[in-house]
Amino acid sequence: MNFAEREGSKRYCIQTKHVAILCAVVVGVGLIVGLAVGLTRSCDSSGDGGPGTAPAPSHLPSSTASPSGPPAQDQDICPASEDESGQWKNFRLPDFVNPVHYDLHVKPLLEEDTYTGTVSISINLSAPTRYLWLHLRETRITRLPELKRPSGDQVQVRRCFEYKKQEYVVVEAEEELTPSSGDGLYLLTMEFAGWLNGSLVGFYRTTYTENGQVKSIVATDHEPTDARKSFPCFDEPNKKATYTISITHPKEYGALSNMPVAKEESVDDKWTRTTFEKSVPMSTYLVCFAVHQFDSVKRISNSGKPLTIYVQPEQKHTAEYAANITKSVFDYFEEYFAMNYSLPKLDKIAIPDFGTGAMENWGLITYRETNLLYDPKESASSNQQRVATVVAHELVHQWFGNIVTMDWWEDLWLNEGFASFFEFLGVNHAETDWQMRDQMLLEDVLPVQEDDSLMSSHPIIVTVTTPDEITSVFDGISYSKGSSILRMLEDWIKPENFQKGCQMYLEKYQFKNAKTSDFWAALEEASRLPVKEVMDTWTRQMGYPVLNVNGVKNITQKRFLLDPRANPSQPPSDLGYTWNIPVKWTEDNITSSVLFNRSEKEGITLNSSNPSGNAFLKINPDHIGFYRVNYEVATWDSIATALSLNHKTFSSADRASLIDDAFALARAQLLDYKVALNLTKYLKREENFLPWQRVISAVTYIISMFEDDKELYPMIEEYFQGQVKPIADSLGWNDAGDHVTKLLRSSVLGFACKMGDREALNNASSLFEQWLNGTVSLPVNLRLLVYRYGMQNSGNEISWNYTLEQYQKTSLAQEKEKLLYGLASVKNVTLLSRYLDLLKDTNLIKTQDVFTVIRYISYNSYGKNMAWNWIQLNWDYLVNRYTLNNRNLGRIVTIAEPFNTELQLWQMESFFAKYPQAGAGEKPREQVLETVKNNIEWLKQHRNTIREWFFNLLESG
């Protein structure tokens with residue numbers, strides 16, 4: 001699953017106990033205060049335009065409204081029960097019951113928004129029992145289950161019931177079932193019915209418009225625990241089985257599933273039954289089927305496999321790039337892994353409303369449209385890179401995840417960390433000039449180091465015991481930290497050994513399940529190095545070290561935490577928060593390495609190749625290791641001087657690494673902020689994408705803390721306006737250059753606008769006005785900048801309404817997303833309030849985009865408090881619409897991360913106390929509370945130092 005748009009659902013309401021009236025009053029007062037703060041800005045925020053009226057949203061049938069009632073069926077066939085007399089009270093399924101094959105048939109009734117189905121499961125039983133239990137949620141059993149012995153004799157079923165606490169349906173036989181013998185299998189048959197609306201998980205319907213006509217598509221999304229919403233199943237990843245799937249669908253529709261079509265049969269004049277070939281053994285979360293009226297774009301792999309993309313007919317041309325990148329990366333992975341793709345075909349389909357970024361269903365990958373469809377005339381370079389990386393990510397899964405699957409969700413990183421790492425290798429092969437190996441620093445390594453320096457982080461391998469906990473581990477630690485440590489590991493054991501180990505692992509465990517230790521064993525065999533001993537320290541405890549350099553060559557390690565007040569020994573770790581570290585360094589262009597063993601408590605001394613022994617050792621070149629490095633102040637000063645004299649002394653990745661380390665160390669009170677800020681003095685000569693991205697990230701934190709500081713904020717603005725101006729002027733407001741240059745231009749022009757540069761803002765406003773007047777077609781790589789900063793600088797009600805009209809008119813999802821950001825950037829609280837109200841209009845704002853819009857509004861200084869207050873006021877609505885198991889709902893509370901006052905912290909704590917059931921949002925709540933507490937302390941500790949640096953700089957001219 002691609003998580004970058006960062007997003008299973010249970011459709012039930014959670015009853016919560018309200019806290020004392022006083023707490024409710026506190027939250028209420030906080031909301032009033034927050035709204036009042038926003039309203040004080042409304043006087044001058046309407047711009048110079050006259051009154052306007054928002055266009056009426058197009059009234060399309062809603063595809064994801066809450067279901068009005070259950071499908072027609074007998075609700076009492078398998079009634080809910082609290083019977084806890086058996087093992088079904090346990091969260092995990094028993095080892096003695098294992099599915100071998102599913103015959104699954106479904107029939108979607110599109111006009112009724114319901115579906116019916118039948119599943120017959122062949123079961124191997126290794127111990128006697130009278131009970132069989134498997135997963136089921138929301139979908140209902142419509143007929144008493146049937147059970148047959150291996151002999152074919154019928155077994156009388158006494159009763160069935162739902163044990164909702166663990167999402168099971170339990171079937172009780174009249175007599176004991178004896179263990180299977182030989183090839184004999186029990187056969188359990190269940191008929192069921194479910195809803196197609198109200199959710200973006202399980203089996204659901206959504207709509208799109210073609211030539212003015214509203215059309216429907218139905219599809220599935222099952223990871224991690226939502227196959228049970230579509231059909232009764234043993235919904236755990238190590239319960240692999242084969243599947244024969246059939247779908248009865250309207251004749252004018254086509255059907256897709258994991259496997260190729262085996263046969264199509266006419267049922268009557270309205271219905272066709274499509275049956276698919278028997279699958280290979282696979283986990284339930286990979287089962288997929290869809291019913292559609294799409295066109296296709298096809299390629300053939302070097303090994304002869306058909307690679308097909310299904311897309312709305314009007315958008316067929318936008319699938320060409322994805323088709324090309326699919327073939328290139330697919331061929332590369334078949335060669336790299338030395339293993340052919342396992343199925344006869346690979347399909348992809350763009351779903352108009354899709355809750356995650358993409359889903360790697362074996363043989364039928366589903367995508368959000370923004371991650372598959374690219375129009376070179378309308379999409380930006382960043383959109384193209386996004387399509388390429390998501391396509392590559394999902395292709396990796398066809399090997400890591402599908403052929404070999406983690407045994408349990410605690411090892412999710414074996415799927416997602418690997419896909420996040422290899423996506424860069426795949427795109428690097430297909431797009432050789434994109435610097436994808438270096439971009440891994442920007443996308444994964446450095447961002448997740450911030451997450452992993454919190455006390456509320458978690459180990460890569462983490463115990464999960466509920467569906468909510470399973471959902472919550474689809475986060476930056478599993479994806480980006482997983483990717484980052486694989487990058488370090490590949491470098492340590494050498495790429496050829498890493499590749500060989502991956503091949504051995506896939507060969508040994510194909511069509512099976514594996515654990516992290518199995519992967520370490522394969523790499524140890526390939527490299528003859530103590531991989532498990534080293535890597536356990538990176539996967540079985542949270543966090544990472546900072547290496548302190550004493551003198552020139554002596555280094556010690558210590559856990560790095562952003563909060564200097566935190567206890568570095570908590571929560572307890574068997575490994576004591578020490579790491580076995582592959583340390584690498586360069587000296588006079590000579591690279592050396594050593595393994596820093598955690599048992600060396602006093603540290604180690606690096607061997608110098610320079611006879612004088614005084615040469616500078618650049619430790620962790622290109623930030624290849626997942627750790628930070630803190631030099632002595634004198635060394636940092638020398639680095640600042642070297643950057644000023646000739647910044648190209650260091651590689652672009654090293655410059656990004658040094659800047660990121662310095663600002664992170666300063667934030668953690670391990671380095672004076674003056675030292676970190678000195679590193680930025682050279683930036684007028686910086687022309688590379690990597691360092692600028694990390695500078696912008698570091699500065700964004702500082703300006704978010706001082707946004708309302710009327711003395712200090714203008715000084716920060718003035719300084720960074722000056723630093724970014726040379727590169728901004730050099731690149732200009734055009735769309736020239738190669739791929740990385742276009743990414744750089746978008747970043748630095750956006751930073752210039754963010755810093756209040758009048759020339760940049762005027763350029764954005766001028767282009768915005770020309771776009772409003774229809775006199776110019778905006779360059780694709782400037783559109784987001786113009787929509788955002790043109791709206792921010794000169795937007796009013798008329799321009800806002802026009803932008804909303806364009807959002808409704810365009811069919812390209814990537815353009816819609818940019819326009820949504822533009823709408824969120826207006827400095828007018830009345831329009832922002834209207835925008836927030838539109839989030840409940842499912843005909844206008846797709847279910848997949850609601851949290852995206854809230855986040856965009858929170859980036860607006862006028863909308864920061866409004867977005868947070870809207871979440872609080874509409875929490876019950878959001879829970880009912882998305883459920884607490886939705887990871888996007890759980891994470892939306894992180895929009896409060898820039899908060900930095902005791903009042904804001906109090907409001908957050910009161911809100912969480914009022915709604916204590918967090919579902920998949922437990923960790924995000926911990927993280928945002930920790931971050932806000934850190935922010936409050938940060939202001940106390942660092943304001944004067946930072947003020948002094950900027951004041952002295954401006955005083956000296």
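Every residue, even glycine, has its Cβ placed from backbone N, Cα and C.
Some features that Swiss-Prot has for this protein:
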{"type": "BINDING", "residues": "E223, G357, A358, M359, E360, N361, R887", "note": "substrate binding site"}
{"type": "BINDING", "residues": "H393, H397, E416", "note": "Zn(2+) binding site"}
{"type": "CARBOHYD", "residues": "N98", "note": "N-linked glycosylation site"}
{"type": "CARBOHYD", "residues": "N124", "note": "N-linked glycosylation site"}
{"type": "CARBOHYD", "residues": "N197", "note": "N-linked glycosylation site"}
{"type": "CARBOHYD", "residues": "N340", "note": "N-linked glycosylation site"}
{"type": "CARBOHYD", "residues": "N554", "note": "N-linked glycosylation site"}
{"type": "CARBOHYD", "residues": "N589", "note": "N-linked glycosylation site"}
{"type": "CARBOHYD", "residues": "N597", "note": "N-linked glycosylation site"}
{"type": "CARBOHYD", "residues": "N607", "note": "N-linked glycosylation site"}
{"type": "CARBOHYD", "residues": "N678", "note": "N-linked glycosylation site"}
{"type": "CARBOHYD", "residues": "N773", "note": "N-linked glycosylation site"}
{"type": "CARBOHYD", "residues": "N801", "note": "N-linked glycosylation site"}
{"type": "CARBOHYD", "residues": "N828", "note": "N-linked glycosylation site"}
{"type": "REGION", "residues": "44-83", "note": "region 'Disordered'"}
{"type": "TOPO_DOM", "residues": "1-18", "note": "topological domain 'Cytoplasmic'"}
{"type": "TOPO_DOM", "residues": "40-957", "note": "topological domain 'Extracellular'"}
**OP:** Would you find the one among the glycosylation sites N124, N773 whose Cβ has the most company, meaning other Cβ atoms within 10 Å?
**Re:** N124
Original post:
Among E223, G357, A358, M359, E360, N361, R887, recorded substrate binders, what is the largest CA to CA distance in Å?
Top reply: 19
Original post:
Going by C-alpha positions, which of the glycosylation sites (N589, N597, N607) is nearest E223 (substrate binding site)?
Top reply: N597
Original post:
Rounded to the nearest angstrom, how far is the Cα of E416 (Zn(2+) binding site) from the Cα of M359 (substrate binding site)?
Top reply: 11
**OP:** Fill in the CA-CA distance, N589 (N-linked glycosylation site) to N801 (N-linked glycosylation site), as an integer in Å.
**Re:** 58
Subject >> Non-site residues, in chain order, whose CB comes within 8 A of the mean position of the CB atoms of H393, H397, E416 at Zn(2+) >> reply: M1, N2, E360, E394, V396, F400, G401, N415, F418, A419, S420, E423, Y479
**OP:** If we count other C-beta atoms within 10 Å, could you say which of the binding-site residues H393, R887 has the fewest?
**Re:** R887
Original post:
Three-state secondary structure of N828 (N-linked glycosylation site) from DSSP?
Top reply: coil
**OP:** Could you check what DSSP calls N361 (substrate binding site) once collapsed to helix, strand or coil?
**Re:** coil
Original post:
So how many other Cβ atoms are close to N589 (N-linked glycosylation site), meaning within 10 Å of its Cβ?
Top reply: 6
Subject >> Average pLDDT across the topological domain 'Cytoplasmic' (1-18), rounded to a whole number >> reply: 41
Original post:
C-alpha of N554 (N-linked glycosylation site) to C-alpha of R887 (substrate binding site): distance in Å?
Top reply: 44
Subject >> Sparsest-packed among the glycosylation sites, when each Cβ's other Cβ atoms within 10 Å are tallied, from N197, N607, N801 >> reply: N607
Original post:
What is the separation, in Å, between the Cα atoms of N124 (N-linked glycosylation site) and N361 (substrate binding site)?
Top reply: 25
Original post:
CA-CA, which of the glycosylation sites N98, N197, N801 lies nearest R887 (substrate binding site)?
Top reply: N197
**OP:** Express the distance between the Cα positions of N597 (N-linked glycosylation site) and E416 (Zn(2+) binding site) as a whole number of Å.
**Re:** 28
Original post:
Closest of the recorded positions to N773 (N-linked glycosylation site), Cα to Cα, picking from E416, N607, N801?
Top reply: N801
**OP:** Work through the glycosylation sites one by one (N98, N340, N801, N828) and name whichever has its CA nearest to the CA of E416 (Zn(2+) binding site).
**Re:** N340
**OP:** Measuring CB to CB from N678 (N-linked glycosylation site), give everything in the same chain under 8 Å that is also at least six residues away in sequence.
**Re:** W636, D637, A640
